[in-house]
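Listed in Swiss-Prot for this protein:
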- 5-207: domain 'Glutamine amidotransferase type-1' (DOMAIN)
- Cys82: active site, nucleophile (ACT_SITE)
- His181: active site (ACT_SITE)
- Glu183: active site (ACT_SITE)
- 208-400: domain 'GMPS ATP-PPase' (DOMAIN)
- Ser235, Gly236, Gly237, Val238, Asp239, Ser240, Ser241: ATP binding site (BINDING)
Amino acid sequence: MSHQKILILDFGSQVTQLIARRVREAKVFCEIHPYDVSEEFIRNYGAKGIILSGGPSSVTEGDTPRAPEVVFQLGVPVLGICYGMQTMAQQLGGKVMTAEAAGKSREFGYSEVRAHGHTALLNDIADFYSPEGHGMLKVWMSHGDSVMELPAGFVKMASTASCPIAAMADESRKFYAVQFHPEVTHTQQGRAILERFVHGICGCGTDWVMGDYIAEAVDAIRRQVGDEEVILGLSGGVDSSVAAALIHKAIGDQLTCVFVDHGLLRLNEGDMVMEMFARNLGVKVIRVDAVDDFMGKLAGVSDPEQKRKIIGKEFVEVFQVESKKLAAAKWLAQGTIYPDVIESAGKGKKGAHTIKSHHNVGGLPEDMHLKLLEPLRELFKDEVRELGIALGLPREMVYRHPFPGPGLGVRILGEVTLKAAHLLQRADAIFIDELRATHATERDVAAGACTEADIGKSWYDLTSQAFAVFLPVKSVGVMGDGRTYENVVALRAVVTSDFMTAHWAHLPYELLGRVSNRIINEVRGLNRVVYDVSGKPPATIEWE
């Protein structure tokens, strides 16, 4: 099926993927490509519109990225965001200056933008109106440079107290640009602005739906794989489960899943995964006991990046061993999704700053004997869940909280040991049990922990991800008449719509107290429980 589509040119922003997510939520297909793709590619792509992303560079420096000139020659609408606005202004004859040179303040965080005039992009979109009747937007800013002089043909579309030109437009050519970030949830009308651009200005319809994606993905997998066999690393998490279902739908018994039990899974997860997949998917699954291998490689290693690399490499080596038992296995399938790729910032991502590597994309050796199949790498987590439901997977599987590929290896801070893993498994299970068993009440609404629409829902469903973390410290305690000196665990629960940004979950105190009491009383070796109240940013969701 041929889609109407938007081309997103990436200048290295860590939230470029969010632009794609918002566009797809508007049921418009889009793809992200590096800013320096060829003119031929852009001309042949057939985009209904082009979006220029943000980025960490400064257009005031001569060797930093620029948009291909063809972008402004195609005759299609263009939207510049943050750095995208700055490079648009500079390339079309405007003037951009650093905050220091302009004598202005940098803007990072919330800001109020005042709209100027009536443009196709912002007309009638506002969070509130000033006493003078000006439309006002609450937005998220993250910039040091600013446009100080407009290019010919442009008008000022918005401003802030610190940024005289916070948005600009050339309506005749349908060129628009905003200094703020409409793609992040902090910009309250961001979704409306992007929908206005793709639907109202670019003229795109709504032809991106998951049913169509399944048909296209199945066809693509069949063409890519042919009659060769595929081996997939199954963790029991959402991503690998949906990948398995999609690939199985495409090639059936050509797929063999390998479930690696490395001792770093959730409590009793190995048995549950085997039972679930035998009952629900009918997929061939081989269970591999690799606890000793993984623990041996991880012994003495405390650096989180090294742990991730070791775990990723060991996974691949296990798959290679198993693939030799499958005469026709030529492909290694993985449940890599967009957030994995953006946070790794490793492949096809020029100028981005690495946050951390993922085992799916950061630990693959160059001499890997298997070709790589990643059918979900262009999907966000919510799209993966939607795909799983469309494929017929049970809700309890699809809406299970995410679990990192390296497992508890990145939830045990410092050196990974079996003792720490066993303690953490039991503490984590208690936390999840209590979240499932506790439901939101009117009292929680009054405390501001949730909304009236959440009453009756379990706190497991009201949190996007929740887990325990084993800390590499001990604390003094008192149990009975005796002094204890035992380990500490941290509880982490977040609420997010995209896993790119997140807020810590305001769990009821009674729930937290109950979890803490159970862990300390039921898990010998733990005597203190703490709760993580950090958002993302500045923290990441996982501790390592």
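Cβ coordinates come from backbone N, Cα and C, glycine included.
On the structure: features taken from Swiss-Prot.
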| residue | record | Cβ within 10 Å |
| --- | --- | --- |
| Cys82 | active site, nucleophile | 26 |
| His181 | active site | 23 |
| Glu183 | active site | 30 |
| Ser235 | ATP binding site | 24 |
| Gly236 | ATP binding site | 19 |
| Gly237 | ATP binding site | 22 |
| Val238 | ATP binding site | 24 |
| Asp239 | ATP binding site | 24 |
| Ser240 | ATP binding site | 24 |
| Ser241 | ATP binding site | 28 |
Nearest of the recorded positions (Cys82, Gly236, Ser240, Ser241) to Glu183 (active site) - Cα to Cα: Cys82
Any further residue of that chain within 8 Å (Cβ to the Cβ centroid of Ser235, Gly236, Gly237, Val238, Asp239, Ser240, Ser241) of the recorded ATP site: Leu234, Val242, Ala243, Gly335, Phe403
Cα distance (Å, whole number) from Cys82 (active site, nucleophile) to His181 (active site): 7
Gly237 (ATP binding site) - helix vs strand vs coil (DSSP): coil
Integer Å distance between the CA atoms belonging to Cys82 (active site, nucleophile) and Gly237 (ATP binding site): 35
Between Ser240 (ATP binding site) and Cys82 (active site, nucleophile), the C-alpha gap once rounded to whole angstrom: 35
Model confidence over the domain 'Glutamine amidotransferase type-1' (5-207), averaged pLDDT: 91
Distance [Cα-Cα, Å, rounded] between Asp239 (ATP binding site) and the residue listed as 'active site, nucleophile': 32
